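Visitor: Please find one structure pasted underneath; my questions will follow.
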Ligand SMILES: O=P(O)(O)OC[C@H]1O[C@H](O)[C@H](O)[C@@H](O)[C@@H]1O
């Protein structure tokens, strides 16, 4: 009979706790066990988890937990398009956008990609007149992915300027359109549901801006990216410019679908295909590698060890690469919206911490701001560093060397610490970190990196027994905001009513 999850968690909690330095000293094979290279479309990605407290015993215990929680079976179901999002009775088929999944889903995704590529070409060829700017309007999963990927990969692109507008605050739209010529702007309205208030309000204002800018037929410059094509059509968007994607692709997993249209515009169709190919290479790794060498799963073991056995309430991600500066905010949605849950898949209480809080920043900036707490604060924070071996900028290579040495020095310092007679100057050390080193920040590597995080989030969820694919927690606030907009203010608590009154609403 398989051991119960509670018994395994108990064993994990009771596992002896040698320091990281002791772990390295006692096992000459530690690096080989926990640091792995994965080949991705002709480049290499290095995942070094050796500065975490995982050891052979813990990996074995987590392997038992994986068995008890049916991780392999759940992964196979997920990757074959079964309805694993049980609370919403649907599959989760973002891997089909990259080419992995049920044959019909893969085929359908390929056809939709074909259609999107044709629209990109049509814009390139001037079918819409001279287009120079793309105004992408969307929020949450319909914004964060495109924003990150464009910021990371399209800095030198001379194709189109893209602005991503999410916030309902008019300042966001105002800032974005300030640089754009209405006559030369294509507006992409990105919304899976095509009902999101912020997005539709921004879209209406963008139409107004086009009209006021002298565009006679603003609707002729609109494109919709959505899983609800009928709603987009009702809204007035021409069917030829609606790029649909499957309902079974979740919002925070949708950058691979037509939500990635502005990426394809800025990067070109080939670049967008390479981005998806990189993700597919990671899908294949996740689908086949044994747990002890399966990087998304091994990383999830470490995540769970810190959150469950060591009481860590947060985890910090630092991109030592300016091009990846938006990665922490992308991961905040991916990890916290997926795994910030209070119940298991069957609705019973999750009697343990769910996802830690993801936060982070950019190196080296963050070293001069928040690293004090990481080195000497009383919170234990597992840290993750992401860097790339090669730079792309034109300045002296000393910049990149300094960036990488700083990155590696921080990991070493967190682990080794430093003794001192003076308590103020003592570094306790034994603080964990993981490092991911890409060859370069290119479409395939970034695709693989984001797929790695998706699968790690999935593995965390399966090992806890929760559903990472719904997000009911975001609904209540929307409902209350709506009832406020509808002026039902009498129903609110005294504090809220007083705020409404003070703001003159
Ligand atoms: O793409 P949309 O349907 O407009 O949704 C945009 C976002 O809003 C919701 O509230 C969810 O929390 C997100 O997961 C989603 O990505």
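Each Cβ is built from the backbone N, Cα and C atoms, and glycine gets one as well.
Unlike curated records, TrEMBL annotations are generated automatically.
Keep in mind that this is a model prediction, so the values were computed, not measured.
What TrEMBL records for 337 is active site, proton donor. Annotated active site per TrEMBL: 368, 478, in sequence order.
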Visitor: What whole-number Å value do you get for the CA-CA distance of residue 478 (active site) and residue 368 (active site)?
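Guide: The Cα atom of residue 478 (active site) is 37 Å away from the Cα atom of residue 368 (active site).
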Visitor: Least buried of the active-site residues 368, 478, going by other Cβ atoms within 10 Å?
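Guide: So among 368, 478, the active-site residues given, the one with the fewest Cβ atoms within 10 Å is 368.
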Visitor: What's the CA-CA gap between residue 337 (active site, proton donor) and residue 368 (active site) in angstrom, rounded?
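Guide: If we compare the Cα positions of residue 337 (active site, proton donor) and residue 368 (active site), the gap is 29 Å.
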Visitor: Tally every other Cβ atom lying within 10 Å of the Cβ atom of residue 337 (active site, proton donor).
Guide: 22
